[in-house]
Number of protein chains: 2
Amino acid sequence: MAAAVKHAEYPPDLSPEEQQYLLTNIKDWSIAHGLAVRPAPSFVSQAQDPSGVLATTAPITLFPSLFPRSCFEQGLAIQNAYNELYSAIARDEEWLKGIVEELIHVDDFVERLWNVHLEVKKEGYVQDLSLGLFRSDYMVHSDQSSHSLGIKQVEFNTIASSFGGLSSRVSSMHRHLLYIDAYPSSSSSIIKADALRQSKATSSLALGLAAAHSAYGSSRTGLPLCVLFVVQDPERNVFDQRHLQYALLEESGVHAFRLPFHQTLSDTKADLDRNLLYTPPSSPSTTYEVTTIYFRAGYSPDDHPREEDWTARVHLERSRAIKCPSILTQLAGCKKVQQVLATPHSPHLRRFLPDETLASRVLETFAPIYPLDESKAGQEARNLATNPDSACKYVLKPQREGGGNNIYRKAIPNFLKGLPQTHWPAYILMEMIEPPPLRNAILRNGEVQRGGVISELGVYGVCLWRKGSGESDKGEVLQNWEAGYLLRTKGDQSEEGGVAAGFGAVDSCCLVD
Amino acid sequence: MAAAVKHAEYPPDLSPEEQQYLLTNIKDWSIAHGLAVRPAPSFVSQAQDPSGVLATTAPITLFPSLFPRSCFEQGLAIQNAYNELYSAIARDEEWLKGIVEELIHVDDFVERLWNVHLEVKKEGYVQDLSLGLFRSDYMVHSDQSSHSLGIKQVEFNTIASSFGGLSSRVSSMHRHLLYIDAYPSSSSSIIKADALRQSKATSSLALGLAAAHSAYGSSRTGLPLCVLFVVQDPERNVFDQRHLQYALLEESGVHAFRLPFHQTLSDTKADLDRNLLYTPPSSPSTTYEVTTIYFRAGYSPDDHPREEDWTARVHLERSRAIKCPSILTQLAGCKKVQQVLATPHSPHLRRFLPDETLASRVLETFAPIYPLDESKAGQEARNLATNPDSACKYVLKPQREGGGNNIYRKAIPNFLKGLPQTHWPAYILMEMIEPPPLRNAILRNGEVQRGGVISELGVYGVCLWRKGSGESDKGEVLQNWEAGYLLRTKGDQSEEGGVAAGFGAVDSCCLVD
């Protein structure tokens with residue numbers, strides 16, 4: 001890999017004057033273009049800015065990170081197949097039931113999500129369309145035996161796939177910095193126009209929401225139509241979400257409102273036909289019929305502290321609005337599904353992707369993943385995980401979404417010692433992907449940190465499908481497209497990857513052959 | 001005036017929920033679109049944010065202020081004539097000399113500017129093109145005798161006319177707020193799409209810089225060409241300036257650099273042909289030939305604390321780069337010129353605007369202005385200004401640019417008492433324009449203030465001209481266009497108007513018939 005050769009000289013060293021010019025331009029361009037977040041409370045306290053008007057540059061890399069061109073193209077090319085795959089899983093309730101039943105006694109959150117589905121199923125679903133705004137995350141893996149590079153999947157997100165709004169801007173910013181000669185000429189053979197890749201995620205994800213809005217059809221109530229963004233409150237990463245909302249309005253003319261999840265029951269209701277009606281608190285005399293619910297909340301137990309939050313979840317799920325995602329789609333994103341697909345010689349992938357070529361290309365992107373249950377593969381995994389010598393090549397991940405709770409390498413054996421064995425099946429064991437070493441510099445809260453980094457490529461996908469009515473009708477995919485990319489980069493000393501959580505930065509790709 | 005009738009019910013009262021929705025949308029949209037400033041040190045100390053990454057919503061109005069349609073159209077229609085007028089004044093050195101000689105003993109700053117001109121003149125100018133990015137500021141005046149409304153000029157800015165970059169965004173924001181129903185339906189007969197006016201200032205002013213850059217011609221040195229923004233450092237209003245720089249790059253492909261004025265001598269030099277050469281500290285091996293110097297500094301004595309700042313000024317003025325503005329153009333903007341033109345029965349206006357129709361239309365926009373010298377008009381003015389009964393209808397303004405030092409109404413007599421009479425001619429006395437009462441709400445540092453307001457319409461103008469070689473060649477105007485508008489709104493208790501100085505807000509027009 002050229003990048004492996006070049007990484008020692010990349011990114012280029014900067015004189016103090018070069019660094020100042022680069023940073024000044026980054027700090028100004030980012031705010032001028034909404035590449036921003038609300039500052040963390042540790043940076044600006046609520047007492048200092050009670051109304052929350054301050055903003056700061058989002059955590060970003062000073063340079064676009066090197067990324068192998070073939071891996072980038074592989075990730076984008078395969079996204080349609082992943083959209084097909086996860087749409088098919090979400091439509092296969094029986095199969096999902098088997099997955100969930102393995103988790104239900106060890107993962108309360110999965111159990112509650114499944115119960116939401118069962119409750120709505122009992123009454124009968126009234127909306128057979130589902131929207132997925134997916135993001136498939138990969139790292140570059142250097143195969144020691146074949147000496148080739150490929151991407152290996154870290155996780156597949158089926159709910160609240162974030163940073164699409166900022167990823168478009170960070171790739172624009174890196175291109176701008178190149179254009180104004182903010183990168184030293186010593187790097188001009190690497191950072192060049194045809195190596196940088198613009199992410200179209202903002203516009204493309206917004207088009208996905210517009211497609212669902214349109215597929216919903218005309219108003220059944222005579223009320224005006226809208227999309228709801230169901231969000232956390234407060235939300236520091238609000239501009240990422242706002243950029244989608246603005247694109248949805250400007251490019252498709254579709255109105256959307258932000259609904260804090262905890263206000264769901266007070267601000268929405270379902271009529272007798274289960275049309276979802278939203279009355280903005282700011283406009284009590286105007287009620288909207290909701291076509292599409294876009295969840296940017298609801299992916300973690302923390303979003304459901306009260307019993308009524310589950311009532312709210314049922315209320316939304318049973319409504320006629322198209323969910324992005326539905327409960328079944330959310331469940332399709334649990335790590336257990338990824339593990340079941342990626343367990344060597346698994347028969348499941350072909351069940352959902354009958355096309356052998358597509359299936360084999362997807363299979364290439366799986367890193368070996370083992371269950372921690374009492375199956376044969378599970379027993380093998382338990383031996384690997386409890387032995388400090390072998391555990392150091394693995395990561396232990398909880399089955400559910402959201403990130404932030406992974407256990408890495410040497411920490412695994414002790415962690416498992418502290419956990420009753422009956423709870424072990426709530427985790428999967430995944431071989432660590434070993435990416436080629438890279439360096440970059442990250443700007444966060446005004447401070448620059450340089451050093452070794454690890455980058456994760458996220459490829460967005462939009463998929464709209466109709467679920468089938470039963471055995472003879474398995475439904476169909478109505479829309480399916482790759483929707484741009486995100487590069488997230490973190491220091492290689494850190495072992496968590498969420499930018500918003502404070503451990504990484506939004507980045508863009510500088511492709512190398 | 002409809003506005004006078006409507007003002008009592010405008011802006012509409014908001015429920016707490018309406019206000020929250022409006023404010024949340026303003027706070028998010030503004031940062032997402034760079035309608036921002038760096039926070040004041042009183043809001044965020046340098047110790048807290050040493051690298052200056054925090055930003056906040058620019059001071060803005062929650063609602064577009066009501067503005068009479070005829071007055072708005074009058075201001076825009078007359079801008080080309082104002083561009084002609086001030087270009088002609090800047091080309092008439094002899095006439096300007098007469099003005100300056102009246103000020104030179106009481107206004108050090110004017111004297112030093114004039115000396116810069118004399119020094120360069122002695123050597124001989126090598127650039128006969130000049131660029132003006134002007135802004136003519138007006139208030140609506142209600143004529144008691146004719147019961148008609150018209151605009152009266154407050155001042156004419158020939159240097160560092162600011163807020164063009166933010167004005168385009170605030171008009172976009174108000175339109176967005178209308179579009180998302182953030183304004184209550186009770187105001188829908190007033191705030192409507194065809195009443196809002198988009199300001200094209202960002203793009204139009206950038207095109208002016210591009211026109212000068214292009215008129216400069218090809219490189220004489222073989223070096224790459226650039227535009228220089230000569231700026232203050234630090235600059236809280238940096239995004240306003242950055243938006244012009246980005247538009248210049250994106251729409252015209254012209255590169256520009258920000259040069260803090262105090263670094264002029266270290267970062268630029270003139271070659272033997274007086275080509276101005278700029279070497280960015282960030283890139284010591286790359287030198288540019290400067291086509292155009294855009295001053296966003298240099299308009300006030302505060303920008304010239306050291307003797308070498310005047311050396312820098314001479315250095316820039318004598319160079320071949322096109323100045324925006326030249327020293328003579330800057331001097332044409334002094335209040336004394338406005339006063340001389342606006343003194344009743346002044347012969348001067350026709351000298352510069354021979355077209356009688358144009359001249360009479362410009363004349364209509366003058367408020368009576370008196371000198372405070374020993375002429376007959378001056379003696380009359382002194383009587384008015386020292387008498388508390390009459391002084392309350394006037395404002396006393398220093399001749400030089402920059403704002404912030406005006407003396408209002410009842411404060412005038414005491415101020416003059418404390419000033420030796422020999423210094424009085426450094427001021428002009430202007431009849432206060434009495435605008436119809438209006439109300440609005442201003443967001444500043446997260447706090448909303450509601451109440452009576454005064455709005456000032458600024459109309460931008462771009463003018464590029466060639467100065468003549470003497471009596472038979474008076475030069476010619478090469479480019480002349482109206483370049484969008486700014487509405488600035490301040491509380492009517494305040495008597496200063498600069499938004500950046502903390503006394504006003506950026507606004508847009510909601511036209512009323």
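Positions of Cβ are set from backbone N, Cα and C atoms, glycine also.
Annotation note: B:GLN241 (substrate binding site) sits in a helical segment as assigned by DSSP. Residues or ranges marked as substrate binding site in TrEMBL: B:ARG135, B:159-162, B:235-237, B:GLN241, B:296-299, B:ARG488, B:499-500.
Annotated ATP binding site per TrEMBL: B:GLU155, B:LYS335, B:397-406, B:TYR408, B:430-433, B:GLU456, B:LYS490, B:GLU496, in sequence order. Applying an 8 A CB threshold to same-chain residues 6+ apart, the list for B:PRO398 (ATP binding site) reads B:ASP107, B:LYS335, B:ASN405, B:ASN406, B:ALA426, B:TYR427.
Within 10 Å of the Cβ of B:GLU155 (ATP binding site) there are 21 other Cβ atoms, across all protein chains. Per TrEMBL, the feature Mg(2+) binding site maps to B:GLU155, B:ASN157, B:GLU401.
The feature domain 'Glutathione synthase substrate-binding' is assigned by TrEMBL to B:226-332.
Over all protein chains present, the Cβ of B:MET432 (ATP binding site) has 16 other Cβ atoms lying within 10 Å.
The shortest Cα-Cα distance from B:GLN241 (substrate binding site) to any of the binding-site residues (B:GLU155, B:ASN157, B:MET432, B:LYS490) is found for B:ASN157. For the binding-site residues shown (B:ALA160, B:ALA297), fewest C-beta neighbours within 10 angstroms: B:ALA297. Here the binding-site residues are B:TYR299, B:TYR408, and the one ringed by the most other CB atoms within 10 angstroms is B:TYR299. The binding-site residues examined here are B:ARG135, B:ARG236, B:LYS490; by Cβ neighbour count within 10 Å, the least packed of them is B:ARG236.
Remark: of the binding-site residues B:ASN157, B:SER162, B:GLN241, the most isolated position is B:SER162 (fewest other Cβ atoms within 10 Å of its Cβ). Checking each of the binding-site residues B:GLU155, B:ASN157, B:MET432, B:LYS490 against B:TYR299 (substrate binding site) by C-alpha distance, the shortest gap belongs to B:ASN157. B:ALA160 (substrate binding site) falls outside any helix or strand according to DSSP and counts as coil.
Taking H, G and I as helix, E and B as strand and the rest as coil, DSSP gives the domain 'Glutathione synthase substrate-binding' (B:226-332) the counts 42 helix, 28 strand, 37 coil.
Between the CA atoms of B:ARG236 (substrate binding site) and B:MET432 (ATP binding site) there is a gap of 30 Å. Checked against B:LYS490 (ATP binding site), the binding-site residues B:ASN157, B:ALA160, B:SER162, B:ALA297 differ in C-alpha distance, with B:SER162 being the nearest.
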